[in-house]
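Asker: This is the structure, below, for whatever I ask next.
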Amino acid sequence: MAEGVFPGAIGIDLGTTYSCVATYENSVEIIANEQGNRVTPSFVAFTPEERLIGDAAKNQAALNPKNTVFDAKRLIGRRFDEESVQSDMKTWPFKVIDSNDAPLIEVEYLGETKTFSPQEISSMVLTKMKEIAEAKIGKKVEKAVVTVPAYFNDAQRQATKDAGAIAGLNVLRIINEPTAAAIAYGLGAGKSDKERHVLIFDLGGGTFDVSLLHIAGGVYTVKSTSGNTHLGGQDFDTNLLEHFKTEFKKKTGLDISGDARALRRLRTAAERAKRTLSSVAQTTVEVDSLFDGEDFEATITRARFEDINAALFKSTLEPVEQVLKDAKIAKSQIDEVVLVGGSTRIPKVQKLLSDFFEGKQLEKSINPDEAVAYGAAVQGAILTGQSTSDETKDLLLLDVAPLSLGVGMAGDVFGVVVPRNTTVPTIKRRTFTTVADHQTTVTFPVYQGERVNCKENTLLGEFDLKGVPPMPAGEPVLEAIFEVDANGILKVTAVEKSTGKSANITISNAIGRLSSEEIEQMVNQAEEFKAADEAFAKKHEARQRLESYISSVEQTVTDPVLSAKIKRNAKAKVEAALAEAFSTLQIEDASTDDLRKAEVGLKRAVTKAMSTR
């Protein structure tokens, strides 16, 4: 890599199933990985020798299912006991364990059992995306804008930011995926003048968002947002997988539920069938020797696939209704419905949405897999002063808090301080008081959600305001100040008005939240893993080079024409050097140095033997 640091910030769409990276240098460029793919699987695999990330990890998943990790985005910022985590664990081949109610992933790596947090797995994917960008730019990348689902809560946003820090990135901003896609749409095809209401429908591999924006000139104002952080292509695959499992059991009497490898192979076939059914009405699925020597073969029609997923497809319209209701806008006032995310390629999803908007033509002008990274790269250029075009220079993003924020009051009633869909950054205040006489300490539990009963919402953290003057209940005036920054991350301060005593919390003690020490430790660990990966790659390369050189020397020695060029008395020396090099190659744990020395030694013997006779 060339010296120097990239002055801008890359845009990374950190997806559940695939990730994408873009840069801005005079214009946006989506960067392909070393396989030439513009999206990279969000997979990390661990083997006895190495760690693989991206395509290489996904390609070996069926052979190594228990140590191939994916779906980290479905774990990040969540508690172990959450319903979605427990149900996902039933479908994952890798092991998830409970560590103080935070989920950890357990794998075998370099011959040892190791555990990783979802943040660490995500950081490995982010590192991969950073390296893909660096290979193209030729400079070191230090800054990034990373996207998250609009409906991610505070804990999930903070955990994503931590993943960036572990990857050695300064995450300038966490932005919402549909908002990033809106930028890509707004900047495309000279659409930036007309004032319009745009609905972004973003259905990806694991998450679903709907955002309603008002775009006027370069000002993008999010009016409302809704979604489901646990709905996407993976769920459609799972339903199809269950259908195929039942078919296989009917035909053979065999149940593959306990076999991780068979499940992985069948899931891959289900995913392929799902994609094929977006363009044809019927497809055949074949998996040789799926389980116990039995082959699997089945025909699936698009109609059957739609039937299997009917309830999930239909559920995508609920957030659409919600955003219209929240923004107080009639569906007839929506100028464009923009499709984002790979799962919007499914014809039934498109039909339901078009029918909902009275047969409206859906907007498909942007690439559903790349739009989010595109928008993130534009935002990265703006934040680092690298944007050159007039239309990006004046671009302004006004996003919203996706869920209400507030405190738990007496009787577990949720006291909303920041209503959902409030434009961020924002500062909101609300006054509270004591519930008992002479109360000197007041606990402020901070929640996020839409339910009146606090237990139904997400507890983000809590803190105590001490030193409240002892007064009769109801007399002290306690003010809660909620500050939400542009990343959607919250800081809460409580002040007792008569004394000015205050206490505050940046929501950092939520379950699974990493301390700065833990992040630092993980950064160092990530460096070690990177060094181990590089050492393995060098050793692999040295082994391959030695192998290929041995092979070419063997050809020379056995070829009558070529061997005639070797000095008469030197042939034995070449053969001895060849035998020595071959024996080094046979040593499984031969070091990179030993392999290189063997190659140099053999080259020396050949050069001497071939020098003018």
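Note that Cβ sites are derived from N, Cα and C of the backbone, with glycine treated the same way.
What Swiss-Prot shows for this protein is this:
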type    : residues                               : note
BINDING : 16-18, LYS73, 205-207, 271-278, GLY342 : ATP binding site
REGION  : 1-391                                  : region 'Nucleotide binding domain (NBD)'
REGION  : 392-402                                : region 'Inter-domain linker'
REGION  : 403-613                                : region 'Substrate binding domain (SBD)'
REGION  : 516-612                                : region 'Lid domain (SBDalpha)'
MOTIF   : 574-582                                : motif 'Nuclear export signal'
Asker: List the residues of the same chain that sit at least 6 positions away from SER278 (ATP binding site) in sequence and have their Cβ under 8 Å from its Cβ, in sequence order, or write 'none'.
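Answerer: Long-range Cβ contacts: ARG345, ILE346, PRO347.
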Asker: Using a Cβ-Cβ cut-off of under 8 Å, list the residues of the same chain that are 6+ residues beyond the ends of the region 'Inter-domain linker' (392-402) and lie near it.
Answerer: 150-153, 175-176, 179, 183, 187, 217-227, 378-379, 381-382, 418, 420-424, 426, 484, 486, 488
Asker: Give the three-state DSSP assignment (helix, strand or coil) for GLY205 (ATP binding site).
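Answerer: Reduced to three states, the DSSP call for GLY205 (ATP binding site) is coil.
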Asker: Looking at the binding-site residues ARG272, LYS274, which one has the fewest other Cβ atoms within 10 Å of its own Cβ?
Answerer: ARG272
Asker: Provide the number of Cβ atoms within 10 Å of the Cβ of TYR18 (ATP binding site), excluding the reference atom itself.
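Answerer: I count 22 other Cβ atoms within 10 Å of it.
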Asker: Return the average pLDDT for the region 'Lid domain (SBDalpha)' (516-612) as a whole number.
Answerer: 82
Asker: By the count of other Cβ atoms within 10 Å, pick out the sparsest of the binding-site residues THR16, THR207, THR276.
Answerer: THR276
Asker: Reduced to three states, what secondary structure does DSSP give SER278 (ATP binding site)?
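Answerer: The three-state answer is coil.
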Asker: Can you check which residues sit near GLY205 (ATP binding site), meaning Cβ under 8 Å from its Cβ, same chain, 6 or more apart in sequence, and list them in order?
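Answerer: Those within reach of GLY205 (ATP binding site), by Cβ under 8 Å and sequence separation of 6 or more, are GLY15, THR16, THR17, TYR18, GLY232, GLY233, GLN234, GLY341, GLY342, SER343.
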Asker: Could you say whether, by DSSP, ARG272 (ATP binding site) belongs to a helix, a strand or a coil region?
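Answerer: DSSP assigns ARG272 (ATP binding site) to helix.
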